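Record features, source Swiss-Prot:
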BINDING   4-70  NAD(+) binding site
BINDING   R93, N147, R283  substrate binding site
SITE      E109  site 'Increases basicity of active site Tyr'
BINDING   C169, H200  Mn(2+) binding site
ACT_SITE  D170  active site, proton donor
ACT_SITE  Y263  active site, proton acceptor
Amino acid sequence: MKKFSVVIAGGGSTFTPGIVLMLLANQDRFPLRSLKFYDNDGARQETIAEACKVILKEQAPEIEFSYTTDPQAAFTDVDFVMAHIRVGKYPMREQDEKIPLRHGVLGQETCGPGGIAYGMRSIGGVLELVDYMEKYSPNAWMLNYSNPAAIVAEATRRLRPNAKILNICDMPIGIEGRMAQIVGLKDRKQMRVRYYGLNHFGWWTSIEDLDGNDLMPKLREYVAKYGYVPPSNDPHTEASWNDTFAKAKDVQALDPQTMPNTYLKYYLFPDYVVAHSNPERTRANEVMDHREKNVFSACRAIIAAGKSTAGDLEIDEHASYIVDLATAIAFNTQERMLLIVPNNGAIHNFDADAMVEIPCLVGHNGPEPLTVGDIPHFQKGLMSQQVAVEKLVVDAWEQRSYHKLWQAITLSKTVPSASVAKAILDDLIAANKDYWPELH
């Protein structure tokens, strides 16, 4: 079996060790000859990489491992780029969340004004990675799971139309895992689903087991009462996530025939979200206080002891979708996966050039979207508004346009008026002066 060379772009991410453990657990179906980390923050990456070096030496010494801040060294001779970058890191996420809340608007990583701000930082970073890949390994594929995926996907569609990049999100996968628990299946691979929408903005219309039995009635009944909180809920799930999974019952009530993506909470119940937010302590603070500290302390312990048992790093099980995607391309498996792709008529009554999240069959040539057909007015109306926001953000970045970004924030369903949008925008510009292009 062919062995592959992979570079993880965003090597200093706290998600990287879990992805390395997941890659090691999947060597039987996706064997590696080389693994490289790339990051523009060398000091941060070094801690993560040195810990991963210990793990790799123990579990797979035959895999050639290196880490670098040099794009040429990182992107030369690779088959896949696995990208999860966060431009501005968590301190800027904190600004994305807290600035809108100061104006009475929800503050969220990928939704509303915060997601727009993050998108304006991410576009340039992801395009830079695409360009490095095309320069140094023109036959490679980029598997991008950097957020905000919807805005990034629109930017790559428009500004790098021929790039071999696939944009994928783990949120539907996480929700499907909970659905499988609710109906008593071993895992989400025991289900066959139909889903459509945009990234962080979609609906399941059909869920069956592999024998073709309809699981929707049982799911509807359960979710109407408990949301996506499964019977044996993981005690380690943070309070903010538990609230999001529980709130799905109210989102689902709007269209009881479907199962919603949890992120719709932010668009359909923004008043609830603001009322239940603490403007002084947002999700970014939770992550910095817990995940960031825990992963880095575990890595330092592993480095000091020279053995992996010294630190508690968890395998990122549901990140196995990244391996599913890579193996589908490498071995032409025609795996069915939810990807963010140009609509091109898959949803009949929706914009052809909108980036939609729908089931695709994946092989050597990338994704082949499955037909969705017509969608109802409710979903179409919501999606049209949100697609317009995403397109305006890319317009703003490309044209360096203050007005386009003001329009984008005004059009967001989370924002009550153009005057509030302008006040938020002006604060975001001040906070992002080191990251955004200068707007005129």
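Glycine residues also receive a Cβ, built from the backbone N, Cα and C atoms like all the rest.
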Compare the C-alpha of N40 (NAD(+) binding site) with the C-alpha of each of the recorded positions R93, C169, D170, Y263, R283, and give the closest one. R93
What other residues of the same chain, not counting R93, N147, R283, have a CB atom within 8 A of the CB centroid of the substrate site? R86, Y90, D96, E97, Q108, E109, T110, G114, Y118, A284, V287
Of the recorded positions N147, D170, H200, which one has its Cα closest to the Cα of E58 (NAD(+) binding site)? D170
So how many other Cβ atoms are close to M22 (NAD(+) binding site), meaning within 10 Å of its Cβ? 18
Where F4 (NAD(+) binding site) falls in three-state DSSP terms: strand
Set of same-chain residues at least 6 away whose C-beta sits under 8 angstroms from Y67 (NAD(+) binding site): G11, K36, F37, Y38, D39, Q45, E46, A49
Around H200 (Mn(2+) binding site), which residues of its chain at least 6 apart sit with Cβ under 8 Å of its Cβ? T110, C111, P148, A149, A150, C169, M171, N261, Y263
Could you work out which of the binding-site residues (R93, R283) has its C-beta surrounded by the smallest number of other C-beta atoms within 10 A? R283
C-alpha of M22 (NAD(+) binding site) to C-alpha of R283 (substrate binding site): distance in Å? 25
When the Cα-Cα distance from N147 (substrate binding site) is computed for each of the recorded positions F4, S13, P31, E109, D170, which gives the smallest value? E109
Provide, as an integer number of angstrom, the distance between the C-alpha atoms of S13 (NAD(+) binding site) and R283 (substrate binding site). 17
Proximal residue to R283 (substrate binding site) among recorded positions F4, P31, E109, D170 (C-alpha distance): E109
Least buried by Cβ count (within 10 Å) of the recorded positions F4, Y263: F4
Other C-beta atoms within 10 angstroms of the C-beta of D170 (active site, proton donor) total 17
Select the most exposed residue of S13, N40, N147, where exposure means the fewest other Cβ atoms within 10 Å, treating these as the binding-site residues. N40
